[in-house]
Each structure stands twice: as C-alpha cells, then as structure tokens.
Amino acid sequence: LWEQAHYNACCEPKKYDPTFKGPIYNRGCTDIVCCILFIICILGYVAVGILAWSQGDPRKVIYPTDSRGQFCGQAGTPLETKPLLFYFNIMKCASPMVLLEFQCPTTQMCVEKCPDKFMTLLKAYTNKEDFKYYKNFCKEGLEGADCSCYVPITRRCFPALGQKKGGEITVGNNSKFDDGEGNIRDAKDLVAGVKNATVVIEARQVAMKIFEDYTQSWYWILIGLVIAMLISLLFIVLLRFLAGIMVWVMIVMVILVIGYGIFHCSMEYVSLKSEAGSNVTLKDLGFQTDFSVYLHIRQTWLAFIIILAIVEVVIILLLIFLRNRILIAIALIKEASRAIGYVMSALFYPLFTFALLSIVIAYWAVTAVFLSTSNQPIYKVFNETACDHSRKICEPAVSPAFPLAHAECPDSKCLFAFYGGETVYHKYLIGLQFYNVFLFFWCANFVTALGQMTLAGAFASYYWALVKPDDMPAFPIFSSLGRSLRYHTGSLAFGSLILSIIQIIRVLLEYIDHKLQGTQNKCTKFLLCCLKCCFWCLEKFIKFINRNAYIMVAIYGKNFCTSAKDAFFLLMRNMIRVAVLDKVTDFLLFLGKLLIVGLVGIFAFFFFSGRVKAFENTAPNLHYYWVPILTVVVGSYLIAHGFFSVYAMCVDTLFLCFLEDLERNDGSAERPYLMSDRLLKVLNKKNKPEPAE
C-alpha cells in the first residue's frame with residue numbers, strides 16, 4: 001500500500017480537468033499562521049529600529065574620542081576647532097592591554113593641529129616661546145608629555161618616524177630623544193606604541209582612500225552602470241525578435257571575449273619578464289592594500305591566464321556535448337521572448353524589486369550602526385605600576401573620581417576605556433543585533449520570493465491562455481502582484497523563513513570558523529568544513545524548491561507545502577527534461593550575463609587604469625583604480641542579472657507549465673496541447689485535427 005501511494009504521488013500523471021484555464025482566480029488565503037508571525041516580527045523589527053535610533057549615536061564612529069569621552073572636531077561644541085586626537089605619551093600604547101581594550105593607558109586630548117617640533121617639558125621650561133607652544137598639548141593641571149614631530153593619520157597624531165639608510169629608526173631626524181625624566185631613549189622604542197595604537201588605523205586608511213576614490217569617480221561609475229543597463233536592455237530586445245541568432249552571437253562573443261582576456265594577460269606576462277622585482281611570488285609579497293602592486297608581478301598574470309583558459313575550455317566542451325540540446329533550449333528562449341512580448345511590463349519589474357531590496361538593506365545598515373553605537377562611555381582606572389584597582393570602573397564626573405585608588409596608587413588616572421553599559425538594553429544588545437541580521441535575511445528573501453511569484457503568475461497566464469492575448473488579464477503583472485500579496489503573503493513568508501534559517505546557520509558557522517582559525521584541531525576543522533558544505537548544498541536545494549513552489553502557488557493557489565510537493569514530484573517525473581532542457585537554458589542565459597560583464601569590465605579597465613592614451617587626461621586620479629573597476633563589474637552583473645532573471649523566471653514558469661501540459665493533455669481534439677507550434681515541433685508532438693463530420 002505504501003509503495004502504491006508513493007507511486008501515485010511521484011509517478012502518476014495528473015488527470016485531465018476541462019475547466020482549468022490557467023492561474024485560478026477564486027482562491028483563498030494560504031499559510032495564515034506564518035503570515036501573522038511575519039507581521040508580528042516586522043512590527044518587532046520596527047520597534048528595534050526605533051529603540052536603536054533613540055539610544056545610538058553614530059558620532060562615535062565618525063569622530064575620535066578623548067579621555068573624557070568627548071568628540072574631537074564635532075560641530076557646535078567647544079572642540080569644533082580641534083579635530084585631531086593627541087596621545088599624551090605614545091610609549092604607553094606599547095602595553096599589551098591596548099590590543100585587548102583598544103585604549104592606551106595615557107591621557108588623550110583633542111588638539112587643533114599635531115606637534116611639528118621635538119620638545120619635552122624640561123626643554124620647554126628653558127624658553128618662554130617654547131613653553132607657550134608646549135601648553136597647546138597639555139591638559140588642565142599641566143602634566144609633562146613627550147612632544148615629538150607628529151603626523152595626522154585618520155584624525156590622530158602619531159610620531160613622524162623615519163628611517164636612515166642603515167635601517168635605523170629616527171624621530172625628528174634624531175635616533176635618540178630625552179623622555180623628560182632624564183632618560184635618553186632610542187627612537188625605535190616608539191615603534192611598539194605606534195603599532196599597538198594603530199591596530200585599526202591601516203584599515204581605516206584604506207577605507208578613507210576608497211571613499212575618496214568613490215567621490216572622485218562616482219559619476220564615471222554611474223556612466224558605466226548606465227552603459228551596462230543599456231546593453232542589457234538591448235540584448236533583451238534583440239532576444240525578443242532574434243532569439244536564435246542572438247544566442248549563437250552570444251556564445252561566439254563570450255568565447256572571443258575570454259580569448260582576448262587570455263591574449264592580454266599573456267602580453268602582460270611577457271612584458272614583465274625584464275622588469276626588476278616582477279618574479280617575486282605572491283606568497284612572498286603577502287597581502288597589500290594597494291592591489292595595483294599585484295599587477296607588477298608576473299605570477300598574478302599567470303594565474304589570470306590559467307583561470308581564463310580553464311573557463312574557456314570548460315565552456316567549449318559544454319557547447320560541444322550539448323550542441324543538440326542547445327536547439328531545444330533556443331526554442332524555449334524564443335517562447336519566453338514571445339511571452340515577454342505580451343508582458344513587456346515584466347522587464348521593468350526588477351526595478352521594483354531593487355527598490356524594495358534597497359529599503360531593506362538601508363534599514364538593516366542604519367539599525368546596525370545605531371545598535372553598535374548605543375553603548376555608554378565606560379571609564380576605567382589606568383596606571384603604570386601594579387595596582388589592585390587597575391582596570392576597575394570609575395566616574396570622572398565625581399571629584400575625586402576614585403579616591404581609594406588614587407590614595408593607594410598615586411599614578412592612577414580615570415580615563416575613557418570603551419563604550420558599553422550595564423542596563424537590560426545593553427545586556428541584550430548582541431541579541432538585538434542577531435535579530436536585526438535575521439530579519440534582514442527574512443525580509444530580503446521575502447522580497448525576492450514576491451518577485452518570483454509575481455512573474456510566475458503573469459507568465460503562467462500567458463501560457464494557459466487559449467487565445468492570446470484575449471484570454472489574458474489586461475495587466476498581468478499587477479494582477480499577479482495583487483493575488484500574491486492578498487492571498488499568499490503567508491506562503492511567501494513560510495518559504496523565505498526556511499531559507500533565512502539556513503542562511504543564518506551558515507553565518508554562524510562562518511563566525512565559528514573565524515574564531516577557531518588559530519586552533520590546530522584537525523577534527524574540528526574537518527567537521528566545520530563538512531557542515532559548511534552541507535548547509536551550502538541545502539541552501540541551493542531549498543532555493544530550487546522554493547522557486548518552483550512559488551510557481552505552483554501562483555498557478556493553483558495552494559499552500560506552500562502542497563505546492564512544493566507537487567512541484568518536486570512533477571520535476572522528478574521529468575528528471576531528464578529538467579537536467580537537459582532547463583539547465584541548458586540557464587547556462588545560455590548565464591553566458592549572456594557573462595558577456596555583458598566582460599564587455600563593460602574591459603571598457604572600465606582600460607578607462608580607469610589609463611592604459612589607453614585617449615583616456616589619460618579624462619580618467620580621474622585615484623589611489624586604487626581597482627575600486628571603480630570592481631564596482632562597475634559587480635554592478636554590471638547585478639544589472640544584467642536583474643534583466644536576465646526575468647527571462648530565467650519566464651523560462652522556468654513556461655517549463656513547469658509545459659510539463660503540466662504534457663501530463664494534462666494528449667494532443668487530441670478534446671485535450672489539445674496548449675504549447676506553441678515551435679515547441680511541439682522540437683518535442684516531436686502534435687495536436688490531432690478534429691475528426692470530419
């Protein structure tokens with residue numbers, strides 16, 4: 001009995017229903033419980049955002065903070081004219097505690113400009129002008145500090161360390177300095193302090209340079225993205241009228257573009273043969289923030305040649321083995337072109353999806369920033385000598401702030417340590433951040449699912465229409481969008497919830513893997529690797545099931561689980577057609593995206609790198625020219641993916657409808673196939689003529 005039931009569910013085709021004419025209009029709400037849960041979670045998400053916005057302060061990210069927790073350079077405050085942070089004694093930053101708490105055990109104060117001369121308190125006392133200059137870098141009470149030559153780096157003053165030919169470290173052109181306590185110190189003693197104080201400085205420097213590059217090149221990036229959009233739109237329009245020719249042109253162009261990439265990389269590899277230092281290996285070079293350094297290494301271009309050659313060979317082999325199936329795929333693309341011709345508004349639907357995703361991403365990012373900056377300033381006791389009160393919390397507003405600590409440890413100071421808090425809100429701050437990330441995944445997947453179901457409903461109405469376009473809705477996209485939101489918000493939330501849970505587990509696995517990078521336990525590494533691989537495969541499988549489930553929901557109006565089961569068994573009954581026809585079509589559409597990205601990427605490379613003389617005076621001067629190139633390439637892929645995703649969804653919907661058509665109908669006069677004559681010819685099917693009276 002169990003085997004018979006399994007056969008009926010998996011292998012028995014559906015019975016003919018003469019009343020079925022496409023997407024059902026008289027339908028009811030599905031997965032109501034999940035719909036209510038989604039609405040409650042969205043309301044909670046809004047509450048978290050309001051709470052974060054009321055507690056957070058993004059200034060903590062923008063401005064440096066002095067020892068009193070005040071922001072240097074903040075407009076409208078007494079420190080508005082003092083945008084730079086000066087470390088009272090940079091040598092105190094050599095303490096290992098700096099790496100744990102990101103705070104030097106020395107007074108930090110906001111200054112108008114960094115010191116530009118070498119000076120100590122003893123030296124300043126001997127000259128009235130020097131003493132007047134020295135007071136600019138002293139806090140109230142006039143405590144001694146080492147005042148060397150400093151340079152501003154990301155709004156912080158650091159010693160301007162130099163190096164002589166022999167490798168000797170200097171400060172103020174001197175290899176030694178007086179620390180103000182009668183001791184002559186080597187300049188190299190400052191290095192440890194500077195290194196610890198700049199744990200995050202290098203990353204911030206790179207970020208600032210990237211930001212400056214964007215300010216210099218944003219309009220050129222915008223032009224590149226507009227070009228990518230126009231090329232994508234041109235491809236879609238040409239596919240509408242010349243699908244067969246465009247597919248073959250697309251295949252040949254992809255092969256030529258990759259071939260040119262191999263040729264260009266080979267020329268660069270040969271030209272660097274006589275260059276000094278070009279034979280350095282990537283391992284010896286290590287990580288460099290300036291990516292242009294890698295382009296002067298022969299091994300980089302050799303890696304590019306190998307990667308492009310492998311891609312070229314794989315594509316050519318796939319085309320050779322799939323040459324017969326490509327003809328069937330072209331027929332399916334032609335049918336999709338016909339469908340899009342009747343539903344032209346579908347080409348612009350990705351803009352609506354993009355707008356919704358932008359809102360979701362912006363809300364998540366702003367909420368994350370406000371949550372991460374909603375802590376309160378925490379002050380701790382810092383001292384040079386051993387003290388039982390060291391690193392205990394103190395309050396600088398109270399006078400004296402820490403009488404017991406000051407009595408037992410005279411050198412103690414109450415300094416700003418970090419941002420934190422002891423309230424209930426601060427205790428559960430990590431939980432709120434996790435909730436923010438999870439709802440971001442859920443909302444983003446919901447928006448994507450809404451787009452898939454909307455397009456599926458529109459294209460299904462085209463396929464099942466006996467007389468096109470008379471039997472189709474006047475506005476297929478709007479009709480399908482209305483049905484999806486009115487009846488199937490719960491199904492969309494259910495499918496996107498399952499996918500979000502898997503994605504958040506993958507994020508946690510990546511976090512655990514990052515934390516355990518220093519461990520040498522091979523068993524743990526192997527287990528993590530297996531888990532990451534399994535959940536990656538599971539995510540791909542769930543995306544495949546969800547996509548086809550949304551198509552079935554759009555057509556029949558059933559709940560998510562029933563639709564997923566029906567779609568899965570329908571595909572299993574036609575496994576060979578799925579593997580051969582649908583995936584070959586996806587491969588051809590991927591080649592189209594690859595071609596657009598390749599064309600725009602090559603143009604961006606020659607423009608921003610200044611390799612073409614015609615663009616030398618036009619291209620902006622940048623720190624890293626790979627920043628706009630990478631932005632244009634990624635943006636071009638997203639734009640191309642947005643346009644081609646309409647084609648991909650159309651092909652998947654028509655393919656599932658075509659499988660339903662084969663099972664529902666037999667080509668007789670009573671049960672004719674509804675697919676086009678072109679598809680009938682490719683599949684060696686035909687409708688039998690009506691018998692003569």
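Yeah, the Cβs are placed from backbone N, Cα and C, and that goes for glycine too.
Record features, source TrEMBL:
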- 30-53: transmembrane segment (TRANSMEM)
- 218-239: transmembrane segment (TRANSMEM)
- 245-263: transmembrane segment (TRANSMEM)
- 301-322: transmembrane segment (TRANSMEM)
- 342-371: transmembrane segment (TRANSMEM)
- 437-465: transmembrane segment (TRANSMEM)
- 485-509: transmembrane segment (TRANSMEM)
- 587-610: transmembrane segment (TRANSMEM)
- 622-640: transmembrane segment (TRANSMEM)
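Tallying C-beta pairs under 8 angstroms between the transmembrane segment (245-263) and each of 30-53, 437-465, 485-509, 587-610, 622-640 places 587-610 first. Here the transmembrane segment (437-465) sits against the transmembrane segment (30-53); at least 3 CB pairs are under 8 Å, leaving out pairs fewer than 6 apart in sequence.
Against the transmembrane segment (485-509), stretch 30-53 shows more Cβ pairs under 8 Å than any other of 30-53, 218-239, 342-371, 587-610, 622-640. The highest tally of CB pairs under 8 A with the transmembrane segment (342-371), across 30-53, 218-239, 587-610, 622-640, is held by 30-53.
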